[in-house]
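As written in TrEMBL, here are the features:
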ACT_SITE  C57  active site, nucleophile
ACT_SITE  Y183  active site, proton donor/acceptor
BINDING   W90, R118, V119, T120, V121, E136, S137  glutathione binding site
DOMAIN    160-284  domain 'GST C-terminal'
SITE      Y241  site 'Lowers pKa of active site Cys'
SITE      Y284  site 'Lowers pKa of active site Cys'
Amino acid sequence: MGKLVEGVWHDVWYDTKSSGGKFVREDAGFRNWVENKPGAPFQPESNRYHLYVSLACPWAHRTLIMRELKGLTQHIDVTAVSPDMLDNGWEFSTPEPLFGFTKMHQIYTQAKADYSGRVTVPVLWDKKTNSIVSNESSEILRMLNSEFNDLTGNHTNYYPEKLRHDIDEWNAFIYPNINNGVYKTGFATTQEAYEEAFDNLFAALDKVDAHLATSRYLVGDTLTESDWRLFTTLIRFDAAYVGHFKCNLKRIADYPHLQGYMKELYQFGNVAETVSFEHIKRHYYFSHKGINPTQVVPKGPDLDLESTHGRDGV
Ligand SMILES: N[C@@H](CCC(=O)N[C@@H](CS)C(=O)NCC(=O)O)C(=O)O
C-alpha cells in the first residue's frame, strides 16, 4: 500500500491522523471520457481499451459487471491484479499483457511519468493514445452503459433519463453511507470514528432493507446502475466486512429483503462469474496487515447464493 509522488513509489498507509481517526478517500486523478460523438478524442472502438481491475475491489467490480451486462466482453479485454496489495501496492501475478509490467503503479507512470497520487483500480486504459482514460469507476460505468451501444447493439440503459433524479439520489445516499461506509468503519483508527461510521452504515442498510420490502429494485421495477453500485458492497459484506471491517451488527443474510435482492442480482445474467470470493477474502484479510497482523484468511462463511431469491412477487 502506498502512493506515487512525482512518479516515484512511496510505501505509506492512509493518513487518518489529520482527520481525527477518520478515513477520507482521495479523488481520482484521470477523468477523461469515451464519447460516441464526432471529434471526441476517445471514440468507442472495439479492442481499443483495456480495463485493469481487482476482483476484490467493489469499485472495480461495478465496471466489470457493466462490461458483462452491456455485451462488451469481446470489445474490451480485462486484466485482474493479484489480490495481495502490500508494499508495492497492486501487482500482477504474471506480467500484464500490454507492457509486461508487474506492478500497477507502472501503468500510472506509463500514462504520466510524474504522476502524484494513489494507484487505484479500476483503470480504463487507451491503447491508441497510450494513456489512462479514467480511473473513476462511477464515470467508467456511465461510459460503458451508453457510449458503446452502436458497437454492441445493446441499448439496455442503466441510467435512463427519466429515472436520473431517483438514481442520483440513491447514489448520493449509498456511496457515503454504504459503499464507502464499510471502509470508514473498517479503517477508523479511533473508537469514536468507528462507532460513528458503524451506526451510520447500519442505519443506511435498515433504510434500504425497508425500501426493498415493497420495491423490487432501488428505483421501482427497473434495474439501474444504483442497484449494481449497491450490489458490489452487499456481496462482499458477509464474507469480508462483517469480520475484517468489524461491521458486525447484522449480516446481509439477517436482513429479510436485502438478502433476496442481493441473490437476485447475483443470479442475473453472467454476474455470478464476476464474483470471486477467493480474491475478496484474500485481499482484505491478507493485505491489511494493520487490521489483521496474522494475515490468516477465514475459510467461511458458507453463503447460500444459488437458492431461489423469492423476489418475483415484490
Ligand atoms: N474513486 C475510485 C476509488 C477506487 C479505489 O479506491 N480502489 C481501491 C481498491 S478497492 C484502491 O485501488 N485502493 C488503493 C489505494 O487506495 O492505494 C473509483 O471509484 O474508481
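For all residues, glycine too, the Cβ spot is worked out from N, Cα and C.
Any TrEMBL annotation is an automated prediction that lacks curation.
Projection of TrEMBL feature records onto the structure.
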residue: C57; record: active site, nucleophile; DSSP (3 states): coil
residue: R118; record: glutathione binding site; DSSP (3 states): strand
residue: E136; record: glutathione binding site; DSSP (3 states): coil
residue: Y183; record: active site, proton donor/acceptor; DSSP (3 states): helix
residue: Y241; record: site 'Lowers pKa of active site Cys'; DSSP (3 states): helix
residue: Y284; record: site 'Lowers pKa of active site Cys'; DSSP (3 states): helix
Span of W90, R118, V119, T120, V121, E136, S137 around glutathione - largest C-alpha separation, Å: 17
Residues among the recorded positions T120, V121, Y183, Y241 that border ligand 1 - Cβ under 6 angstroms, in sequence order: T120, V121
Model confidence over the domain 'GST C-terminal' (160-284), averaged pLDDT: 98
Neighbour tally for T120 (glutathione binding site), based on other Cβ positions within 10 Å of its Cβ: 23
Spatial neighbours, same chain, of the residue listed as 'active site, nucleophile' - Cβ under 8 Å, 6+ residues apart: V121, P122, H283
Chain-internal residues near V119 (glutathione binding site), provided their CB is under 8 angstroms and they sit 6+ positions away: G2, K3, L4, G89, W90, M104, H105, Y108
Chain-internal residues near S137 (glutathione binding site), provided their CB is under 8 angstroms and they sit 6+ positions away: W59, A60, R62, T63, P122
Cα distance (Å, whole number) from the residue listed as 'active site, proton donor/acceptor' to R118 (glutathione binding site): 16
Residues near Y284 (site 'Lowers pKa of active site Cys') in space but at least six apart in sequence (CB under 8 A): A56, R236, A240, H244, F245, N292
Neighbouring C-beta atoms (10 Å sphere around the C-beta of Y241 (site 'Lowers pKa of active site Cys')): 25
Helix, strand or coil at W90 (glutathione binding site) [DSSP, three-state]: coil
Whole-number Å value for how far Y183 (active site, proton donor/acceptor) lies from E136 (glutathione binding site) (Cα to Cα): 17
